[in-house]
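K.L.:
Here it is, the structure, as structure tokens.
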Amino acid sequence: MDDLGTLVSSGQKVAVTWDGSSSKDALKEFVSKLQEAVAPQGTVSVENIERLLLSAHADSSFDAVLLGVVQGTQSVHSSEILAEVARILKPGGAVIIQELVAAGVDKGSPLRTPERLSSLLKLSGLTEATQLLQEPLSPEQKQTVVELLGYKGNDVSTIRMKAKKPNYELGSSRQLSLPKSKITEKSSVDQATVKLWTLSANDMNDENVDLLDSDELLDQEDLKKPVPSSLRASGCGEGSEKKRKACKNCTCGLAEELEAEKTPSTVPKAAPSACGNCYLGDAFRCASCPYLGMPAFKPGEKVLLNPTQLQDA
């Protein structure tokens, strides 16, 4: 039988789990000794591992939780179970977990390696995961593993580990007491330096102060608007033996000049009258007349139409 003095102490509130493979007589004996160990102020709560998530225990309810330590228990504790244990443990509380492990397991195997179990305890919010013991299985226990879990490897053993919940609630926060920053005093200003860089109105009118006139910095040539041809690079578009071609990303205006030469100028032609009565007004104009809507005009008078009116007509 386990040395309960290393698992629990007097006055603690303890939860112990069991499953369908646990020995009923061993469970009763183990719980009885637990109650003696935590008496007179402590209590022992017995939970079926499959119902632990449904028990709805309050946060930080137990000083210690014992998982799989009852003789005959073959449970493999899921990450959800471990997270629930971390929730119901008090800050600083401990969990003792005992389960079957294998040295080398394939993906999809029901068992885990000792390293994987230690990692899951840490991911659940527990710390200081340490191994207490590791024992090989008896032939009868190996046969039970094959029947219950379907694992036929010869590298199965029983491992017991202990982990603790940190001395604070998971997700809790606390304000940091940072040292107050010292207020830097402004350095005194040297009045001699201020006077050196300060110009008064009298200084501006002083004949001894040589001030530059910004208008005198430019001559007449600088003020002339540049001709586009003067902005072109040397040899840009020149030479009768080659076709004029603008540079890539042209900025001198040659590209626009060549584009204008390619596009022929289109001057809209005056629309002729088909009936000769257009000048009389809308009353004498047909429905498709381009002069429809315009005032009457003298015969032979030149009237220019907007290209938009020609398209509408």
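Any Cβ shown, glycine's included, is placed from N, Cα and C.
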K.L.:
For which of the residue intervals 103-106, 167-170, 211-214, 275-278 does Swiss-Prot record motif 'Cx2C motif 1'?
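P.N.:
Here Swiss-Prot associates motif 'Cx2C motif 1' with the stretch 275-278.
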K.L.:
Out of 14-17, 82-85, 286-289, let me know the one Swiss-Prot marks motif 'Cx2C motif 2'.
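P.N.:
From Swiss-Prot, the annotated motif 'Cx2C motif 2' range turns out to be 286-289.
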K.L.:
Taking every residue in the region 'Fe-S binding site A' (236-252), what is their average pLDDT?
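P.N.:
The average pLDDT of the model in the region 'Fe-S binding site A' (236-252) works out to 69.
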K.L.:
Counting only other Cβ atoms and using a 10 Å cut-off, which of the binding-site residues Cys247, Cys252, Cys286 scores lowest?
P.N.:
Cys286
K.L.:
What is the separation, in Å, between the Cα atoms of Cys286 ([4Fe-4S] cluster binding site) and Cys247 ([2Fe-2S] cluster binding site)?
P.N.:
54
K.L.:
In terms of DSSP three-state secondary structure, what is the assignment for Cys278 ([4Fe-4S] cluster binding site)?
P.N.:
helix
K.L.:
If I restrict to non-local contacts, at least six residues apart, and a C-beta distance under 8 angstroms, what lies near Cys278 ([4Fe-4S] cluster binding site) in its own chain?
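P.N.:
Spatial neighbours, sequence-distant, of Cys278 ([4Fe-4S] cluster binding site): Phe284, Arg285, Cys289, Tyr291.
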K.L.:
For Cys286 ([4Fe-4S] cluster binding site), which DSSP three-state class applies?
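P.N.:
Note: Cys286 ([4Fe-4S] cluster binding site) is coil by DSSP, not helix or strand.
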